[in-house]
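Lifted from TrEMBL, the feature list:
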SITE      ARG90  site 'Transition state stabilizer'
BINDING   HIS118, ASP125, HIS185  Zn(2+) binding site
ACT_SITE  GLU182  active site, proton donor/acceptor
Amino acid sequence: MYKWYLILFFLLNYKGYSQAQEIAHLTNLEEVSKNFTFDIKYATENNFLEKKIYDCSKCLLLPKVADALIAANNYFCEFGYQIKLYDCYRPLSAQKVMWEIFPNAMYVANPYRNKSVHNRAAAVDLTLVDFDGCELDMGTTYDFFGKEAHQDNFNLPEAVLQNRKLLREGMKKFGFNPIRTEWWHYDFTNAYSFPVLNSLFDCD
Ligand SMILES: [Zn+2]
């Protein structure tokens with residue numbers, strides 16, 4: 001009987017070990033640059049689900065995605081702005097929680113089909129802030145699900161259109177592509193070629 005406890009103990013620990021290994025190669029953006037602002041919404045209840053999905057606030061990305069984002073941030077700094085991040089890597093299990101609450105494929109990627117690029121640590125949700133930390137007016141709040149948030153909606157004040165254009169053009173220069181329905185979301189080049197990950201954040 002004792003032997004089986006030992007095997008069970010080993011298996012449980014091995015699972016934890018392999019989970020940690022799965023995301024060990026990701027870059028923790030906060031550790032490599034002090035020039036970003038972070039407001040990881042799913043680590044709080046201040047999100048469209050009104051539910052805390054992550055155990056802690058972290059921005060983990062594939063190393064090449066993090067490098068490109070640092071380059072983009074340097075570019076925006078020349079204009080007097082800085083990137084503020086709302087979401088980065090999202091474990092597949094968190095995607096399933098979102099889908100259970102809000103199963104609308106226009107705004108939440110189906111975790112049982114093509115999954116989200118956030119699950120691949122190759123997508124970012126972000127906006128721009130000035131050096132006082134004030135967000136630029138992008139016309140809607142983060143995770144506003146409606147046509148006002150769409151990239152192809154030009155029925156918005158000129159200043160909003162200019163702010164979105166600045167963000168879009170800057171991000172594109174560094175390999176990030178917008179999606180039609182969310183002004184805040186950018187996928188890195190070849191985003192769907194990267195593997196889906198499911199390890200939870202190491203919050204220690
Ligand atoms: Zn997103």
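Including glycine, each Cβ sits where the backbone N, Cα and C put it.
Shown here: features listed in TrEMBL, placed on the structure.
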residue: ARG90; record: site 'Transition state stabilizer'; DSSP class: coil
residue: HIS118; record: Zn(2+) binding site; DSSP class: helix
residue: ASP125; record: Zn(2+) binding site; DSSP class: strand
residue: GLU182; record: active site, proton donor/acceptor; DSSP class: strand
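On its own chain, GLU182 (active site, proton donor/acceptor) has TYR107, ASP125, ALA149, HIS150, GLN151 as residues at least 6 apart in sequence with a Cβ closer than 8 Å to its own Cβ. Its Cβ taken as reference, ARG90 (site 'Transition state stabilizer') is surrounded by 29 other Cβ atoms within 10 Å in the chains shown. ASP125 (Zn(2+) binding site) is surrounded by 22 other CB atoms, counting those within 10 A of its CB over all protein chains shown.
A Cα-Cα distance of 13 Å separates ARG90 (site 'Transition state stabilizer') from HIS185 (Zn(2+) binding site). Annotation for HIS118 (Zn(2+) binding site): spatial neighbours ASP87, CYS88, TYR89, ARG90, GLN95, ALA109, ASP125, criterion Cβ-Cβ under 8 Å with sequence separation of six or more.
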